[in-house]
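Per TrEMBL, the features are:
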{"type": "TRANSMEM", "residues": "28-51", "note": "transmembrane segment"}
{"type": "TRANSMEM", "residues": "63-83", "note": "transmembrane segment"}
{"type": "TRANSMEM", "residues": "103-120", "note": "transmembrane segment"}
{"type": "TRANSMEM", "residues": "193-213", "note": "transmembrane segment"}
{"type": "TRANSMEM", "residues": "225-247", "note": "transmembrane segment"}
{"type": "TRANSMEM", "residues": "254-278", "note": "transmembrane segment"}
{"type": "TRANSMEM", "residues": "298-319", "note": "transmembrane segment"}
{"type": "TRANSMEM", "residues": "331-349", "note": "transmembrane segment"}
Amino acid sequence: MAAGAGCAVDTRRALECRNGEAAAHLKFVSIFIIFFTSVIGVSLPVVLARYLQGKPSYDKATLIIKCFAAGVILSTSLVHVLPDAFDALSDCQVASKHPWRDFPFAGLVTLIGALLALLVDITASAHVEHGHGHGHNNNDNKESKNYVLVGTQEEIEGIKKGNYELGKLETGHGERTNRETDQEELIKLKQKLVSQVLEIGIIFHSVIIGVTMGMSQNQCTIRPLVAALAFHQIFEGMGLGGCIAQAGFNFGTVAYMCFMFSVTTPMGIVLGMIVFSVTGYDDSNPNALIMEGLLGGLSSGILIYMGLVDLIAVDFFHNKLMSSRSWLKKASFIALALGSTSMSILALWA
């Protein structure tokens, strides 16, 4: 009975602000505002990294940018996406029905998202390492050639002895150089993989935001959301852009990834408007809330895993540059805290 009363109160509140024409006008304005703020947010770290490329401070600057990005991503998942998923599935119109009232599905789907991200990470990393190691062995086999020495016995013994001493030095140096090169290439490939999986998680989240806003007919909800989402997209774009900048993609891939992030939320808004015009479902419809909760939980799981494991843990525990400079570790932690704080504060409005 209490649940029904709560639903009735929410419905009356929504009807007071329900104005389809005013809501549509706000949504059209929001499409352009959100697109441009998304472009600014995701491009800023990429442009900054390109500007600093080749300079002595490049590695340190990209590391600090990436730590700020990690803070933004972690805050997005824990402060924005996960609570929204729980709220959607605990809404009285959903939680009063079986099976949604019997089990915390938002937490379960978040767990599934984290495990899926881990599975993709393990599979892709194993594939990359196996392919890289196989190619390296083939090159070594091609370079090893048999040859026959010609000359007197004393000359042959002298050549063999000299070659042996020289070979020991060259082999030791060559193995170290090859190992370092292989390690750098694997790190770059890993960073590219992280950026791509991270974008998938962020796109899920952006689609949810866009569709929910597109389906809403509540002008009182949409008006403050436009400004809040503009800042939200700037910081979330900076988070993704920081990872893209360090991954070392070519210009075409960087432009494509930035474009996809920038258009996802506006496309979600358009999709939500189409869904409402075809089905009549708004953002308070039980089916829409269930979809929002499940996709939100999945997105949150992916982002939590990527933020903690592939961004924070890798940089703070496995980065040689940070390990060798205590001031850089402190600066990186401050950047991480600033990224988390700035994105968390936005939860007051969006």
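Just so you know, glycine gets a Cβ as well, placed from its N, Cα and C.
The largest share of C-beta pairs under 8 angstroms with the transmembrane segment (103-120) comes from 298-319, of the ranges 28-51, 193-213, 254-278, 298-319, 331-349. Proximity of distant same-chain residues to the transmembrane segment (254-278), defined by a Cβ-Cβ separation under 8 Å and at least 6 residues beyond the stretch ends, is recorded for 24, 27, 30-32, 34-35, 38-39, 42-43, 46, 195-196, 199, 202-203, 206-217, 229, 233, 237, 240-241, 244. Highest Cβ contact count with the transmembrane segment (63-83) among the listed stretches 28-51, 193-213, 225-247, 298-319, 331-349 falls to 331-349 (criterion: pairs under 8 Å). Where the transmembrane segment (298-319) meets the stretches 28-51, 225-247, 331-349, the count of C-beta pairs under 8 angstroms peaks at 331-349.
The stretches the transmembrane segment (28-51) and the transmembrane segment (331-349) do not meet in space: the count of Cβ pairs below 8 angstroms, excluding pairs fewer than 6 apart in sequence, stays at fewer than three.
For the transmembrane segment (331-349), the residues of the chain that approach it from at least six positions outside its boundaries are 63-65, 67-72, 74-76, 79-80, 83, 224-225, 227-228, 231-232, 235-236, 238-239, 312, 315-316, 322, judged by C-beta separation under 8 angstroms.
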